[in-house]
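For reference, the structure discussed in these notes is given below.
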């Protein structure tokens, strides 16, 4: 318990040398590493109390020698007791000083806060006027940042999808479905009912079969019956094509004549309608030409009036601007004169205030010096009076009392009423007394 330094740390904590966090660093164990760490912290904390441990003392304590531990506890007792006494005296002094009523100051000084008018520099005026534009720029920058973040997030998602599509897929081979017992029975029945016939032909037999098939084809195409059938088929097709061509020619001639007649009728109708429309359009064009000429004239008049109005408006604006500049110049001149007058007034006021301040300061110093000299004179006369009266050394308690009265700025002599008031009181008492 004593070797690991846990008891010493508890003593320091009880005297408020260390706090709870530092006490938590001390381990209550007999392990060698914990003991070294504990004493490394304790050496620093004891150095703050002017208690120093050497390497030999530390080795003796870790070995368990009681003499060095006893000496260490005695040094701790002396320093902590001294510290406790000084803290007690400080607390008592604070309590006594709070109980004693202090004299107030002779003069009461109240600080008057000086309110400075808001001044806007000419260089900062454009910035203040364009504040809304700066705020808009900030909002716009935030919006652009948000859109950029959204696009980047979307682009990262798209890249992930592309990577996923490029990665090869591990597709497992399809496993054939397992057949049930009934399905297998049906398949066996079908195989038994329709068995496959296999014959083992040689190469020469296969060539003979192929030649036999070609001879059958040639015999069918070279027969007379086939030739006669084909010739009848060709003649029928020719007759049919000739009749279809004649019918087409007749149809084309009739359709042509009918088409020409219908075109002629339509052209005559179109000519009459076009003539009517041309007559109407000519009249309409005349009206439109007259209206266009009128509108052109009106447009020319409007342009002339607008140009004249713009000239008059420009002249009027120029006159107003010149008048505004003259007014601004006059206002600036008036403000400059007011500023100069205000500067002169402020300078005079500062001079007057400085003179009054210096006068009050001198008066204050004079009063302090005058009171000090008077109190010194009273002390000297009191001291001379008592020396003459006692014809010996004055006791210390009288001197101490006079000093305390001097420090407290109280009169050393007793304040008496004037002699005239005493004589009046005596005469009044004699008159009031019975004869």
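Here the Cβ of each residue, glycine as well, is placed from N, Cα and C on the backbone.
A TrEMBL annotation is a machine prediction, not a hand-curated record.
Fair warning: this is a prediction, and the values are worked out from it, not measured in the lab.
In TrEMBL, the feature coiled coil is placed on 292-319, out of the ranges 264-291, 292-319, 320-347, 348-375. Taken as a whole, the coiled coil (292-319) shows an average pLDDT of 88 in this prediction.
For the domain 'CPC1/SPEF2' (278-411), DSSP puts the residue distribution at 125 helix, 0 strand, 9 coil.
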